[in-house]
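Take a look at the structure set out below.
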């Protein structure tokens with residue numbers, strides 16, 4: 001593209017990449033990603049099916065879990081088309097509008113996951129700290145309202161991003177660093193002033209991931225304070241055990257997120273494929289591990305799975 005500037009309407013297609021420097025391993029990586037996709041899609045779909053069919057699971061905790069599973073399916077299906085195209089069919093071009101759409105949905109589901117995890121922490125807080133009010137605080141209508149709020153907040157945060165990018169001229173090589181479109185990757189390509197984009201991007205990250213993680217931490221401080229007031233050691237462990245699945249889901253989501261952010265800031269001299277691998281872990285591991293975690297740690301889901309898969313020992 002040289003030094004010539006293009007606006008969004010005249011921009012040539014973006015070029016997606018796999019793992020630079022590991023071209024000979026692309027097919028093996030695709031097999032690995034295929035396994036992750038299969039586990040993620042099948043696992044989350046199975047969780048949704050079990051919650052729908054099992055009347056005893058029609059409770060707020062499992063409604064939030066169904067939101068998490070549905071959101072994880074959204075993450076998987078958002079990246080699947082271009083990952084399949086790049087690693088399986090070696091098709092690397094993607095149009096500007098298609099790239100903007102994919103970026104929007106990937107970040108939308110990522111922001112929604114943070115909000116859903118926050119709602120689940122509130123569920124655990126009420127169940128442990130105010131058990132007598134649980135059924136009156138978390139009614140079905142309120143759970144629906146919380147889910148709608150999570151969606152609307154995420155949508156309003158992400159909606160301006162494509163339009164902020166479209167207003168900029170592009171004059172740098174249009175090669176992306178991943179097999180899918182991400183805002184931090186795209187913001188490197190325009191040759192105009194991107195200060196507004198950078199400020200807006202930082203502000204929405206702080207107001208969502210930063211605020212959500214702080215509130216989740218606060219909820220667990222209050223939960224721990226309440227649990228320590230229980231006299232019986234067995235009761236304390238039993239109560240804490242109800243939070244293990246959610247704590248694992250929080251760590252699975254936020255630890256890769258922090259790792260990607262820290263590496264982007266301090267790991268500039270590392271091989272580029274390391275950053276790409278971290279990004280893959282961030283997008284692929286949580287949707288794959290969440291159904292596994294909840295299947296192992298939730299007795300009701302485990303019991304239903306034993307009926308569906310009678311030969312499997314749980």
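Cβ from N, Cα, C; glycine included.
Taking Cβ pairs closer than 8 Å, the transmembrane segment (28-51) reaches residues 18-19, 22, 57-58, 62-63, 65-66, 69-70, 72-73, 76-77, 80, 83, 87-88, 280, 284-285, 287-288, 290-292, 294-295, 301, 304-305, 308 in its own chain, all 6 or more past its ends. Taken from TrEMBL, the feature transmembrane segment applies to 28-51 (among others).
Taken from TrEMBL, the feature domain 'G-protein coupled receptors family 1 profile' covers 43-294. When pLDDT values are averaged over the domain 'G-protein coupled receptors family 1 profile' (43-294), the model yields 90.
For 63-92 (among others), the entry in TrEMBL reads transmembrane segment. Within the same chain, residues 15-18, 26-27, 29-30, 33, 37, 40-41, 44-45, 47-48, 51-52, 102, 105-106, 108-110, 112-113, 116-117, 119-120, 123, 140, 143, 147, 150, 179-181, 249, 283-284, 286-287, 290-291, 294 sit at least 6 positions outside the transmembrane segment (63-92) and bring their C-beta atoms closer than 8 Å to a C-beta of that stretch.
When Cβ-Cβ distances below 8 Å are used as the criterion, the transmembrane segment (104-122) is approached by residues 61, 64-65, 67-68, 71-72, 74-75, 78-79, 146-147, 149-151, 153-155, 157-159, 161-162, 180-183, 204, 208-209, 212-213, 215-216, 219-220, 246, 249-250, 253, 283, 286 of the same chain, each at least six residues removed from its ends. Among the features that TrEMBL reports, transmembrane segment is placed at 104-122 (among others).
Taken from TrEMBL, the feature transmembrane segment applies to 143-165 (among others).
TrEMBL lists 199-231 (among others) with the feature transmembrane segment. Nonlocal intrachain contacts for the transmembrane segment (199-231), taken as residues 6+ away from its ends with a CB within less than 8 angstroms of a stretch CB, comprise 111, 114-115, 117-118, 121-122, 124-125, 128-129, 153-154, 157-158, 160-161, 164, 183-184, 187, 239-240, 243, 247, 250, 254, 257.
Here the transmembrane segment (243-264) has long-range neighbours at 68, 113-114, 117, 120-121, 124, 128, 184, 209, 213, 216, 220, 223, 270, 274-275, 278-279, 281-282, 285-286, 289-290, 293-294, 297-298, meaning same-chain residues at least 6 beyond its ends whose C-beta is under 8 angstroms from one of its own. Taken from TrEMBL, the feature transmembrane segment covers 243-264 (among others).
Annotation source TrEMBL lists transmembrane segment at 276-296 (among others).
Below 8 angstroms of C-beta separation, residues 8, 60, 63-64, 67, 100-101, 103-104, 107-108, 111-112, 115-116, 118-119, 122, 183, 186-187, 190, 196-197, 200-201, 204, 207-208 of the same chain, each at least six residues beyond the ends of the transmembrane segment (143-165), sit close to that stretch.
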